Every structure is written in C-alpha cells, then in structure tokens.
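Student: Below are the structure tokens for one structure; questions will follow.
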C-alpha cells in the first residue's frame, strides 16, 4: 500500500453495514484459514483439532476462560508456537515454517511488551526500522500513528512515564505501523479500568474500520467480545464450541456451556413431550410446569433437554399472568438493587432458584417487591431456547 | 518517621564498627608520619610519595590492572553467553552439567581452582606447546574462568526478571534473534553487564591464591607483591597502597549499586 492510499483510508467512510458479510457469502475466500490445528504440550492438548475461517476486515473474537486454548491458538498464528498438526493459511499462503519475523502478522500483547529502554516514538518505529524503511518515511509514519492514537505530544516519553491507557495506545500503534494484514490482539483491554475500557473499545473498532486490517482478538470478557466482534468463537478445552455473530451467540447458544459462559442464564432440565409444527412442549419436573418453546430443534419425544432462559427475558409480577402457559410461581429469596436494574432470586417449590432481572423503569422499582413475596414469573414462547447438549 | 529502639540503634552501630573499624584504622595509619606501623607520629603523606617511587609496586599494580581489565571484559562476554543460554534456551541435553560447571568456580576452594588450572596449563603446554610458560596470559585465562561464573549468575538472574514477551514482541515486529539480542536484550541487561564487569574487575584485582599458582616469574600481581612484602613486616607503605585500593573498590561498588538502582527504576514500571 502506498502512502496516498493509506491516507485515503483515513478519510474513507466506514464499512457499509448493509453489505452482506463475507462469512455469509457462498464460496467467499477466507483470509485466514485454520485447518485441523492441534497443539499438544506433552500429554496436554491445548488446542484440539480446530478448523476456522476468518474473512477479510473481520474483527473476530476468540472468547474463552483461562486454559481454554485461546491464547495458544493466537501464539500459533503469530508463529511463537508451532502446531503439532494442521495448517494455517494467511491470504492463501501456508505459514508452516515461516518464522515470526517473516509473517504478515503483528501482535498486540496483553502486557503491551513495550521496550522500556526506548521512547514512545522509537517503540513505534521499531518494526519499520527492521524493514529498512528510509528515515524520513519512518518519522512521517510514526507521527501519523501517534496522531491516530492521539499521543502526538508524548513521542519523547519513556513507557514508564505513561498511564495504562496511553501505554495501550502505544502498543496498538506499534503493532499497526507495519500495516499487517492480520493483527492479533491478546486481551487488548484487559489491563484498563472499566470506564477506559468502554471508551477504548469503540476507538479500537474505529481504527480497525479505518485501516481495514483483519483483527483476531483473544478475550475472556464476554462484554468486550460482544461490543467488538463481527463474530465470536467460544472456546472451551481447546475446542471452538460455537462460532456465530455476537447476538446469535447470546440469543441462540448451541450448548449449555455457551449459554452459561456468555451472560447468565436459567436452565431447566426437562423432557420433550410433544413436537408440534411450530414449537415443542417440554415438561420440567424442576420447574413443576410445562413450557412451549418455538425455537426449532431436531429432537425426539422423551429426550432429556434443557430449556434456557435469560434473566432479563422473564417478567416478574404479583398477579397471576393471563397467558395459559410459560409461567411459574415462586417466592422472592433475595433482591439486589444495581441502579439501572434490580436482580431477584426467586425460589421455586422444587427448591430451584431462578434469576430474574428487571430494569428499574420507575423510581423505587425494587421497593414494589420484598423478601418472601409470592410472585409469578412469565415469558413468551420466543424468549427461551432448547439445548440438547 | 518510625521510632527506632535502643536495641536497633546499638546493633546498627556495632555492625558498622565491626565492618569499618579495621578499614578506617588502616586509612588513618596510612597518613602516619612514624616509621612504626603501630605508633602514631602525626599526619603525613610521605608513605604515598614513597609508594609512587617504588617501581616494584608500580609495576605490579600495572600488571594487576591490565589483567583485571582484560579478564573482566572477557568474563562479561563469556558469562553473558553462558547466562543467556541457561535462561533462554529452554531445556536441552546437558543443561544441568553446564549450569553445574558454570557455578562450580563460585563454590570451589580457590586453591583447587588454581591448582587444577596450573595442571591444565602444564599439560596443554606439553601437548600443544601453548601456553608457552606461565605469565600474564595464563593469569588472564584463570581470572576469566572464575569471573565469568559470577557474570553468568548475574546475567541469568537479570534475564529471568525480564519479560520474555519483550523479545517476542521484537521478533513479531521483524527482528531476527540476532538483531533482537543487540537491540532489546542487551540494552535491558546492560546494567547487569556493567555491574558484572565491575565485580569481575574487583575480584581479579583482589585475587592472590589463583594468581600465585598460574603466574610466572616477573609477572607478580599487586596482591602477590603486597603479600610477599607483608611477610617481611608491614610497612606504612602497604597501608597507603591498601587505602588507594579501598578507594578504587569503593568507587567500583558505588558505581555498580548506582547501575542496579537505575535498572530497577527502568524495569519497575513496565509491568
């Protein structure tokens, strides 16, 4: 890319959101292709036969707890670890045997890994100087990067003279200056406090759209993944459990693990009683009720399944709901006032606790209910999902 | 400020007295006018003048400084290589043996180190004709051998405290391992190298036992000369010489401490 093209990108409008995303297009060529990659450390399998396609300009989040293998996968992409088996193709080129310093990939480290003995400007220039770029161009591009991350005035400082948020920006600028095709970000916002994290999230998305770099982000923070990602890959025990767009991961989790890992959820064990044309009927002993769910799944009668419902999709009331089904009754065991919403813990006759959140849409909403109140919990047929695994 | 108890104060004073009283008395007596070492005869600088007129001592000092300079520099190069291999190469065949060998000179009695080196030099001379005879060269080799052990330990511990992701970041940005060593690792461990060099210099300057084994005729180091002079009775001249050496060593230690503090400050904030 020439400099003029680069500056054009700065002024170009954001990616057109009406466009059909590449991952939905039949036959679209993935930019990053992970094929059956396995990584073993002795007996331990950190990454277990993962196959994944990531497309150009995506901001893909690998979401998982510690030890899920997400960081190992990232390190394999960067070239710091070599896969025990499988292939990695970036832009169609097999990365087998390509050393980290020769890959068209840059990484932003969780600890930022800024060189403490170099100034901010020298840190950012490091990658360009290794390429043998002319001194005047290095200076120009470093200044451009410093402006982009709004640190134009701090180029002469040393990393230990910067705040956490400023260091994060320097790390980002340093990893972007070589204009990598693929940027790997390891918990990019993990070391920032909550408020700063929220601001930086949007900045990160802006920069990604501006430069048109493909991002692969590793995070354990589901909120971060939700806001950042075009798609999320949820990882557990070295396996990607579900790959989908953020709202689909949340609304249509494909397993109990995903439902519980992303957000909070109430699970009811039950049996399929009837497979109706547009819904299923489930009998749950735990809930002491029958439920109808219209989320189409393939299941057999009498199969044991779990019905999952998110706390915010449950309505709590003192009066018996008018609807014929999809309601249960219980007693308020606990109330937590969180400012914007109230959280209720409702105990059913079976002893099971159900978590319900209600936005505080009037003042003193929580005060309308009190401990040991008998309440009815109800929801719509399209509020819950059925999980078979 | 915290109130200090009488006990702590006394302990501190006693510690200082034990450590510094002999040195201070030596320094004071180096300015003694009297010819007798133990009798105070007023202030004078005459022993310093005599010292600088004593060609034997001046020669020995020059030999010692030359040896210390060369062997400290060699020890830093070799010790850094050893420390680097031990802390960055992961597990490899013979790592235990290497790390054992490197730290052996730290715990080995000097007599044994000296004797074994002497035997080695003699055997090598018999087999290859090198080193021909013993002299400055053999002392340098011997000093490098035991000084590099100290450097290796210092470098290894410094490398252990440096975040390895810094090196990965450099690789990620296009630096080959050789480049990244000079651009990232070396600047970060530089203070450790400086303090390792200063320590090696002092150790080499200090050494009497090993040098006695591997030196040849006409190549006496300063400690060897002092030792032989003291056997004939301590002269105030030796006090003056010792004072100068203390000053040099103290400067070296202060410089090393300053380097260490600078490095701690540099690394403290980057987490």
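Cβ atoms here come from the backbone N, Cα and C positions, even for glycine.
TrEMBL entries are annotated by machine, without manual review.
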Student: Identify the transmembrane segment range according to TrEMBL, selecting from B:98-124, B:206-232.
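Tutor: The listed stretch tagged transmembrane segment in TrEMBL is B:98-124.
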Student: Give residue numbers and ranges for long-range contacts of the transmembrane segment (B:238-258): same chain, 6 or more residues beyond its ends, CB-CB under 8 A.
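Tutor: For the transmembrane segment (B:238-258), the sequence-distant neighbours (Cβ-Cβ under 8 Å, at least 6 residues beyond its ends) are 23, 26-27, 29-30, 32, 37, 47-48, 50-51, 57, 194-195, 198-199, 201-202, 205, 222, 226, 229-230.
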Student: Is it the case that the transmembrane segment (B:180-199) and the transmembrane segment (B:98-124) touch, counting contact as three or more CB pairs under 8 Å in which the residues of each pair are 6 or more positions apart?
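Tutor: Answer no, regions not in contact.
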